[in-house]
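Below: the structure, in structure tokens.
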Amino acid sequence: MSKRNSRYGIWLFVVYLAFYGGFVLLAAFSPATMARTPWAGVNLAIWYGFALIAAALLLALLYGYLCRIEVVGTNNSNSEPGRPAPGARDASSANASTQTGGHQ
Amino acid sequence: MNHEPSTLAIGIFLAMVGVTLGISFYLGRKAKDSAGYFAAHGQIPWFVNGVAFAGDYLSAASFLGICGMIAFYGYDGFLYSIGYLAGWIVALFVVAEPMKRLGKFTFADALNAKFNSPGIKLAAGVSTLAVSVFYLIPQMVGAGVLVRPLLGLPHWAGVVLVGAVVIVIVVTAGMVSTTWVQFIKGGLLVAFSTVLTVMILQRGFHAEPQLPAAQTIVKQADGTVLVNGLPKGNSPGEGQLQPVGSISKLPGGVEKTGPLGPLEFFSTLEQSEVVLWSKSEVKGDDGSTTSTFSPKPTPGSQILQPGASPTFAGIRSEKFSDKLNFLSLMLALFCGTASLPHILIRYYTVKDEAAARKSTIVGIACIGFFYVLTLYMGLGAMTSGALDVTDSNMAAPLLARSMSELLFAIISAIAFTTVLGTVSGLILASAGAVTHDLLESVTTVHLTDHQRVRIAKMAAVVVGVVAILLGIAFKELNVSYLVGWAFSVAASANLPALVMLLFWRGTTKEGIIVAVLVGMISSLGWILLSGDTYAAVYGLPKENSIVPFSQPGIVTIPLGFLTLIVVSLLTGGRSPASPAPSRT
């Protein structure tokens, strides 16, 4: 994982953690809020639960989109200026880890 | 409740198991070396691997346990859905790419990439084995649950059957066939759950204003069983429990709703009155035990809120320790996914980090969609009139039976083969840990590639037999509840070491070893001393338990992190200084 991917990952993780933490704390300490029906006769517990599932997918897609440049760079010559070819780096990294692991 | 086996169900079930075994044998022929047997040579396409993630993850706990818990108590089962899915965020954003880059066959590979320490391999190998065996228990319990209505066999027979088939699969095949089997089953499970949900919405709700009668089971001292006052059996003059699950009042006093939209389904239930069932048990002076199941009309608004089940009662309790129990479980679910050995090894079956990332996104899409469906299926089962009041795990297959015998046969067969696949993955992860981690850390004898695969297969047989025995012993517990414990152990033992290795340069090998062992032992110890284990396993009063609440995560996960930091600081000068692997 490049530094950039790692940074994106951590930020998106923090966003989701806050959203998930809000759900858990609301359920634990304010169940009456969860029982309210803000829209379409469906209560907040269901809306929030579905929103958490939808948010997981949206953030995952956003992460994939943000990290896509590296993938493009791997497959053709349009890599970012001043960057080593990521595919080459990944391969060498994988080989290095294989050796470090001491298998075979 | 009586479960008559149907010829159609048995036929489809046997066909599905036959196809699974056929794929395993066919693809297993190509996996003769370690790289093929344990990691499919890293050649699985990312989309296939992503759906296989869903096949691995949507196990007995998700399909049987969550649907069962929703069917019996309402919204609470959906809390598991939310927690299980949220865990994938940790897997994608923190773990996926480094796991692929650092490891080769096992979780220990990744932990040990920086240090090359036999101690880390030993600790991580033991932890993998412990988590896998713990996770195997609910899968085996789920297998036992499925064969009762499907084949009319007792619980233990289902456990032995699935154990035997899985041992055959794992011994003859490997990661290639396991992955393709999981891909097919994951796809089928999501597709047929969608069909079931559409049928639930099409059927809508109907009201049965007359409250059903209470039901009793009396187990007498001499071993005979009376059901509703009659000897248990199917003949005239004998008794069986009646299927349950009804709505006593619909909004506006109507008798039927007709087809419902996805939101209308919830808003209608919110204003309805549903008949839930409570259980009470009395021991007589003559040694008999009487279990009484009583109907309990409950407002739909209460069913659609968290906190109705015993597992999540802490939400509505005033006691702080009860609330901590809930927070602890939700933390373990969030942290556990990225620590499960059979999920982590799936990152080695794709070619690179980008493929690992993409397959995780596909997995999240499939799994998230399925978890939305669990709420419809669970609530559909609750009002289906088909529930077995003694067994929450059977709710989803019995819901399918209330729709059509064919759907029941297909759903049950898919669920059963999903259990097969998950158990195969877990046993494969255990076999890998024994061969690559434990054996290499305790012996200096060089093994050939062929010997490694042979030892792994022998380990698979032993783990399979252990899983069968545990599956029979723990049959009374809800499978989702058992999985919650497995997540706690995985998160406490594995996550602190993995995260700190990636993000803290000061991590030492001693820190990793001690953190893995402390996390594993403390979480296992906490579970064994908890009130729920006292009541469900030892048969002792819950109040006598030593620990203040049953879910260990909120204590043992931070304890793992703290242990790693303290030990690393104490031993920092002795480890070779090299850059943390994440800072590439």
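Just so you know, glycine gets a Cβ as well, placed from its N, Cα and C.
Annotated features, as they stand in TrEMBL:
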type     : residues  : note
TRANSMEM : B:6-27    : transmembrane segment
TRANSMEM : B:47-72   : transmembrane segment
TRANSMEM : B:78-96   : transmembrane segment
TRANSMEM : B:122-147 : transmembrane segment
TRANSMEM : B:153-176 : transmembrane segment
TRANSMEM : B:183-201 : transmembrane segment
REGION   : B:282-308 : region 'Disordered'
COMPBIAS : B:288-301 : compositional bias 'Low complexity'
TRANSMEM : B:326-349 : transmembrane segment
TRANSMEM : B:361-386 : transmembrane segment
TRANSMEM : B:406-434 : transmembrane segment
TRANSMEM : B:455-474 : transmembrane segment
TRANSMEM : B:480-504 : transmembrane segment
TRANSMEM : B:549-570 : transmembrane segment
Fill in the blank from the handout: Checking B:6-27, B:153-176, B:455-474, B:480-504 against the transmembrane segment (B:326-349) for Cβ pairs under 8 Å, the most are found for B:480-504
Handout entry: Stretch contact, the transmembrane segment (B:406-434) with the transmembrane segment (B:78-96), Cβ-Cβ under 8 Å, 3+ pairs
Key = no
Practice task
For the transmembrane segment (B:6-27), could you work out the same-chain residues 6 or more beyond its ends whose Cβ comes under 8 Å from its Cβ atoms?
Solution key: 150-151, 165, 168-169, 172-173, 176-178, 180-181, 184-185, 405-406, 408-410, 412-414, 416-417, 420-421
Handout entry: Secondary structure tally of the compositional bias 'Low complexity' (B:288-301) (DSSP, helix then strand then coil)
Key = 2 helix, 11 strand, 1 coil
Practice task
Compare B:122-147, B:480-504, B:549-570 by their Cβ pairs under 8 Å to the transmembrane segment (B:47-72) and return the stretch that comes out on top.
Solution key: B:122-147
Fill in the blank from the handout: Quick tally over B:78-96, B:455-474, B:549-570 of CB pairs under 8 Å to the transmembrane segment (B:480-504) gives the top stretch as B:549-570
